[in-house]
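These come from TrEMBL:
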TRANSMEM  12-32  transmembrane segment
DOMAIN    44-148  domain 'FAD-binding FR-type'
BINDING   PRO98, TYR99, VAL114, LYS116, MET123, SER124, THR165  FAD binding site
Amino acid sequence: MDLEFLQSMEVQILVGVGVAVLAILVAAAYLFSSRKPKGCLDPENFREFKLVKRQQLSHNVAKFTFELPTPTSVLGLPIGQHISCRGKDSQGEEVIKPYTPTTLDSDVGHFELVIKMYPQGRMSHHFRELRVGDYLAVKGPKGQFRYQPGQVRAFGMIAGGSGITPMFQVARAILENPKDMTNVHLIYANVTYDDILLKEELDSLVAKYPGRFKVYYVLNQPPEVWNGGVGFVSKEMIQTHCPAPAPDIKILRCGPPPMNKAMAGHLDALGYSPEIQFQF
């Protein structure tokens, strides 16, 4: 009888230990899976990433896809921040310029840069010469922009040319987060129709999130058939297509320096206080 009792106790102890070990393993697995993956960027040192795909989008615009160390690696770039890219100009001199990837950390294993290459651009030369298999030196994250989901009721965005990349990144992060109900209103200005970057992707977001994401295109030299804005972005366009001044909205702007200066003047005149404006 004592032997049977001891055997029964042993079984109960073993079962109890087994359940405890299983609980520890389940908890560890949950913590591991829910833990945010460590990013590949270093804010102090340049790291090299291999170019695995180059897609020409127009005569002077290309999409560059860079491989991360593993298929599950993330770049680790906070929303609205950018990276510094290092290269060499046509004279062989080192040049460093900031760029904003169009991908998010939900795009694992790689990151993408959409680059407009200017004839006299020093970093443009480096990207023109970049071939699949080459490496790009990158450092980051960089930037002052900080965003938390639901931080504002709505964003107004005013972008010109390649200034669309941080806007696209922020808009994607907001719209693809099911817990974030922020509305986004974008005014995007270019010279010609062919200059519009990421148009297919922007139109796709408009179709996927109707009512929450609106885009108003403005062209300085529009085609004959055109239902967007014409000329430069005006105060009237901002009044019509951006949320009105309020403490729970924010206006973001990014474009060439003359455009940024003109937009700051328009926004000030319309009553948008400095606290609700941010320039990338």
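Backbone N, Cα and C atoms are what each Cβ position is placed from, and that goes for glycine too.
Here the features listed in TrEMBL are painted onto the structure.
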residue: PRO98; record: FAD binding site; contacts (Cβ under 8 Å, 6+ apart): HIS82, ILE83, SER84, CYS85, LYS142, GLY143
residue: TYR99; record: FAD binding site; contacts (Cβ under 8 Å, 6+ apart): HIS82, ILE83, CYS85, LEU113, ILE115, THR165
residue: VAL114; record: FAD binding site; contacts (Cβ under 8 Å, 6+ apart): LEU57, VAL61, ALA62, LYS63, PHE64, THR102, SER162, THR165, LEU197, LEU198
residue: LYS116; record: FAD binding site; contacts (Cβ under 8 Å, 6+ apart): ASN60, VAL61, SER124, GLY161, SER162, LEU197
residue: MET123; record: FAD binding site; contacts (Cβ under 8 Å, 6+ apart): CYS85, GLY87, ASP89, VAL95, ILE96, LYS97
With neighbours defined as other CB atoms within 10 A, the best-packed of the binding-site residues SER124, THR165 is THR165
Secondary structure split (DSSP) over the domain 'FAD-binding FR-type' (44-148) reads 8 helix, 48 strand, 49 coil
In whole Å, the longest Cα-Cα distance within the recorded FAD binders PRO98, TYR99, VAL114, LYS116, MET123, SER124, THR165 is 17
Not counting PRO98, TYR99, VAL114, LYS116, MET123, SER124, THR165, residues with a CB within 8 A of the CB centroid of the FAD site are CYS85, LYS97, THR100, LEU113, ILE115, PHE127, SER162
